[in-house]
Amino acid sequence: MRFAASIAVALPVIGAASAQGFPPPVEGVTVVKSKFDENVKITYKENDICETTEGVRSFTGHVHLPPDDNDFGVYRNYSINTFFWFFEAREDPKNAPLSIWLNGGPGSSSMIGLFQENGPCWINDDSKSTTNNTFSWNNKVNMLYIDQPNQVGFSYDELTNITYSTINDTVYVADFSNGVPAQNLSTLVGTGSSQNPWATANNTVNAARSIWHFAQVWFQEFPEHKPNNNKISIWTESYGGRYGPSFASYFQEQNEKIKNHTITEEGEMHILNLDTLGIINGCIDLMFQAESYAEFPYNNTYGITAYTKEKYDAIIHDIHRPDGCFDKLAKCREAAKEGDPHFYSNNATVNAICADASSSCDNYLMDPYQETNLGYYDIAHPLQDPFPPPFYKGFLSQSSVLSDMGSPVNFTQYAQAVGKSFHGVGDYARPDVRGFTGDIAYLLESGVKVALVYGDRDYICNWIGGEQVSLGLNYTGTAEFHRAGYADVKVNSSYVGGLVRQHGNFSFTRVFEAGHEVPGYQPETSLKIFERIMFNKDIATGELDIAQKPDYGTTGTESTFQVKNEIPPSPEPTCYLLSADGTCTQEQLKAIKEGTAVVENYIIKSPAASKGDPPPTTTTSPTAAPTAGSAMLQAPVAMLAISVLTALAFFL
C-alpha cells in the first residue's frame with residue numbers, strides 16, 4: 001500500500017532517512033546467481049536516472065550475501081544486501097580504470113557523494129529534475145558508488161516497516177498490523193532496514209571484511225563490467241579517513257594471501273589490483289588531529305576567530321592533561337592491543353574503555369564548537385547550513401525513481417544503527433591492527449598512490465589536522481616528502497585552486513574555498529586533482545608523468561598558511577523538509593510539527609528564515625598576505641541558489 005499527502009507537495013521519501021510512502025513493487029530486475037555459492041546473488045537494473053549522456057550506461061543493484069557463521073572469525077547471523085550504483089566512464093569505458101566511492105559517517109550514504117559532489121548529475125531545486133555535471137568523475141573513470149556497511153542508504157538486512165520524524169531526523173521501527181498512519185509534514189512512513197545495531201558491521205575492520213566479500217562477488221560476477229583495465233581505486237571522505245586506509249590495506253593483505261595460497265576458497269581468489277587511495281577531508285587519527293580542533297577555530301586562513309585564547313588554551317589543556325583525551329586514547333589502544341588484537345570488537349572491557357575515550361575526546365574537542373553557531377562542515381557558513389543542496393533526498397523519494405532503481409527500500413541517508421554500533425565499541429578512538437597512518441605507509445610501500453585532499457573551510461575534519469597526518473607518516477619517502485614544498489594547483493589558465501605538496505606517489509593538497517564536501521564546492525578543481533592522480537600526472541600542473549618520474553617532488557614554500565582567504569557571503573537560508581534538523585529554525589520546525597508550514601517542492605516557504613550574522617573575525621586585516629585563488633565558488637548555477645548541511649551524524 002502506498003500513500004500520498006494532501007499538502008502543497010507530494011510527501012517524500014524519508015529524508016535524512018526515507019519514504020514517500022512505500023516503494024513500488026520491484027519489477028524488471030536482472031538476477032545473477034553466483035557460480036560459486038548458490039546463496040549469493042546480484043540483482044540490478046539499467047537506468048538513465050542521473051547519467052543521461054547518450055551511450056553511457058549506468059546500473060543500480062544489490063549484492064546479496066547470506067548469514068555466515070565464520071566470516072573471518074566474526075559470527076554474522078544476518079543477511080547483507082549491499083547497494084551499488086555503477087556508472088560507466090563517458091570516455092572509453094572498456095579501457096578506463098575503476099574507482100570505488102565511499103562516504104563516511106559512520107553510517108552515511110554514498111549518495112551524498114554521488115548527488116552533492118562528483119556524480120554525473122546535479123539535482124535541481126524542484127527535487128525532480130537533473131542538470132548534467134560536466135565535471136563528473138565518470139568523465140574518464142568508471143565509478144562505483146557503494147552504500148556500506150549494512151543498513152546504510154539503500155543497503156539493508158531485512159525489509160522492515162518504519163516511520164520517520166522530520167523534526168528530529170530519526171527512524172523508528174513501526175507495527176502497521178492495525179493500519180498505516182496517515183503521513184503529514186512531521187511523520188512519514190516507508191520501508192527500511194531492521195534498525196538493529198547488531199545487524200551491521202560494528203567497526204571499521206569488520207566493515208572492511210564485508211566490503212571485501214562484496215568486491216569478490218561484484219568484480220567476478222557482475223556481467224556488465226568486463227574491462228580491459230583491471231585497476232581499482234578507492235576514493236572516500238570524512239570518516240572515510242579510516243575506511244580508506246583500512247579497506248585498501250585489507251584488500252592488499254588479502255591479495256598477498258591469495259598469491260601465497262593462504263586463501264584457496266573458490267570464489268574468494270580474485271586479486272583486487274589496487275592503484276590509488278584518495279581521501280577527501282578525512283578524519284584519520286585523533287592522535288595526529290586532535291589539536292587541530294582547537295587550532296582551526298582559533299587561527300585559520302579566513303581570519304575567523306570562533307575561539308578566544310582562553311577557550312583555545314582550555315581545549316589544549318583537556319587534550320594533554322592527565323586522564324584527558326590523549327591519555328584516554330592511549331589506554332584504549334593499549335587495551336585493544338592486548339584484548340582485541342584482531343579488531344573483532346567482541347571484548348566488552350575493551351569496548352567500554354574505547355567508547356569512553358571516544359565520547360570523552362568528543363566532549364573535549366567538539367562540544368565547545370557548538371557554542372559558536374558556525375557550520376561544522378564550513379566555518380564560513382552558519383550552523384543551519386543549506387550547502388551543498390539536499391535536493392537529492394526529494395529526488396530519491398519519487399516512486400518513478402525508486403521503480404527505475406529496483407529498490408525495495410526507501411532511501412536512508414544516515415543509518416542510526418551503524419552509528420550506534422560503531423560508537424558503542426569506541427571505533428573512532430582506536431586504530432586498526434597496523435594503525436591508519438601505518439596502513440597508508442604500507443600502501444605507499446606497496447606501490448599504491450595515496451592522495452590526501454582537504455577543503456580549507458571544513459572544521460569537522462580540517463586541513464590543519466590532515467596536514468599533520470601527512471607529516472606524521474613513517475615510510476621510506478618520509479624525508480623526501482618533508483623536503484618537498486607547496487606548489488600552486490593550476491586548474492586552468494586563470495585559476496589556482498589550491499596548494500599541493502607531493503613527492504612521488506604521496507601528496508597533500510589544500511583546496512581553496514571549499515568545505516567538507518570538496519567537489520560540491522569546487523567541482524573543476526576536484527576533477528582536475530582526481531584525474532591527475534588517477535592517470536599518474538603531477539597534481540600541480542597535470543603535465544608531468546609521475547610513473548616516469550618516481551622521484552618527482554614539488555618545490556615551494558614549507559607552509560601554506562601565508563595564503564589567506566576572504567570570507568564568502570553567507571548562503572541564503574533554506575529550510576528543506578527532508579533535512580529539517582540541519583537547515584530549519586526552531587520557528588520553522590514548530591510550524592512543521594503543527595502542520596502550518598507552507599511547503600513547495602520540500603522547501604518551507606513560510607515561515608521564512610532570516611540570514612544569520614557573519615562569523616566573527618580578527619581585527620587584523622589579512623589583505624597584505626597573498627589571497628587564495630578566487631573567492632567565487634566553482635559550483636554550478638543550479639546549486640548556488642540553495643544548499644544543505646546534512647544532519648550531523650558524526651562525519652559525512
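Each residue's number is its place along the chain shown, starting with 1.
Glycine residues also receive a Cβ, built from the backbone N, Cα and C atoms like all the rest.
Which of CYS325, CYS332 pairs with CYS354 is settled by Swiss-Prot: its disulfide partner is CYS332. Disulfide connectivity taken from Swiss-Prot links CYS361 to one of CYS283, CYS325, namely CYS325.
Nearest in space to ASN77 (N-linked glycosylation site), taking C-alpha to C-alpha distance over the recorded positions CYS332, CYS461, ASN492, is CYS332.
If you take the Cα of ASP458 (active site) and the Cα of ASN492 (N-linked glycosylation site), they are about 24 angstrom apart, rounded to a whole number. Fewest other C-beta atoms within 10 angstroms, among the recorded positions CYS121, CYS332, CYS354, CYS361, CYS461, are seen around CYS121. Here the Cβ of ASN299 (N-linked glycosylation site) has 17 other Cβ atoms within 10 Å, regardless of which shown protein chain they belong to. Within 10 Å of the C-beta atom of ASP458 (active site) sit 28 other C-beta atoms, taking all shown protein chains into account. Counting other Cβ atoms within 10 Å of each Cβ, the lowest count among the recorded positions ASN161, SER238 belongs to ASN161.
Taken residue by residue with DSSP, ASN161 (N-linked glycosylation site) is part of a strand.
When each of the glycosylation sites ASN202, ASN260, ASN410, ASN505 is scored by how many other Cβ atoms sit within 10 Å of its Cβ, ASN260 comes out lowest. Inclusion criterion for the recorded positions CYS50, ASN161, ASN410: a C-alpha placed within 10 angstroms of the C-alpha of GLU517 (substrate binding site); this criterion is met by none of them.
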